[in-house]
Amino acid sequence: MSRYTRPPNTSLFIRNVADATRPEDLRREFGRYGPIVDVYIPLDFYTRRPRGFAYVQFEDVRDAEDALYNLNRKWVCGRQIEIQFAQGDRKTPGQMKSKERHPCSPSDHRRSRSPSQRRTRSRSSSWGRNRRRSDSLKESRHRRFSYSQSKSRSKSLPRRSTSARQSRTPRRNFGSRGRSRSKSLQKRSKSIGKSQSSSPQKQTSSGTKSRSHGRHSDSIARSPCKSPKGYTNSETKVQTAKHSHFRSHSRSRSYRHKNSW
């Protein structure tokens, strides 16, 4: 047997052990498959209660293998236990106390890191930095692009507004022209209506004037003594004298003619 080879492990590690389980109970169950050297149920250093697992050490490896094969996944003291070969040597109570206080110290964790883990960490950190840089660059580009788009939109908006105003102004002018035309037509219709309403009055007044003028002329013909309008008193006197002389001459002629008959 070489000095570098270790003796075969004869200890079994048992999980899911009930709190009420005693070492005598485990010794009775496992002692069926061979002589047992030691049974150990670790207790909590502060509460003094079982921690839920136990160790059973046999004298022969073949006995330990038989116990593992027959009792694994079996019900012992009200629980289904799991059995496997223990890894490492049995720890002392002082080692268990330090393990409970410091289950995994950061210094041990740092020391236990392998160079490959350190390399992967450095790579992951560099990858994270590169990713952050790329994200920041993307954000800056996105901001610039959005800013340029907002600028272009702000520049294009006034042009659209001016074009919209230019396109709207002719409509307003057309509307004002239509309104002015409608107003002028209304004024013309009103003036025509007024003229039509005033024309009958004028006609009636002209008719009354013509009638009065005819009556006046008849009165002048009947009464020659009255002076018509537009003649002076001397002219009227001369005309009346001539008219009377003509009447007297015609009467004398008619009288002579009668006497001749």
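Keep in mind that glycine also has a Cβ here, set from the backbone N, Cα and C atoms.
Worth saying up front: this structure is predicted, and the values here are computed from it rather than measured.
Taken from Swiss-Prot, the feature compositional bias 'Basic and acidic residues' applies to 88-109.
The compositional bias 'Basic residues' annotation in Swiss-Prot covers 110-122 (among others).
Taken from Swiss-Prot, the feature compositional bias 'Basic residues' applies to 178-191 (among others).
Feature annotation from Swiss-Prot assigns compositional bias 'Low complexity' to 192-209.
Under the heading compositional bias 'Polar residues', Swiss-Prot lists 230-239.
Feature annotation from Swiss-Prot assigns compositional bias 'Basic residues' to 240-261 (among others).
Taken from Swiss-Prot, the feature domain 'RRM' applies to 10-88.
The region 'Disordered' annotation in Swiss-Prot covers 86-261.
Summarised by DSSP class, the composition of the domain 'RRM' (10-88) is 22 helix, 26 strand, 31 coil. Confidence across the domain 'RRM' (10-88), taken as the mean pLDDT and rounded to a whole number, stands at 94.
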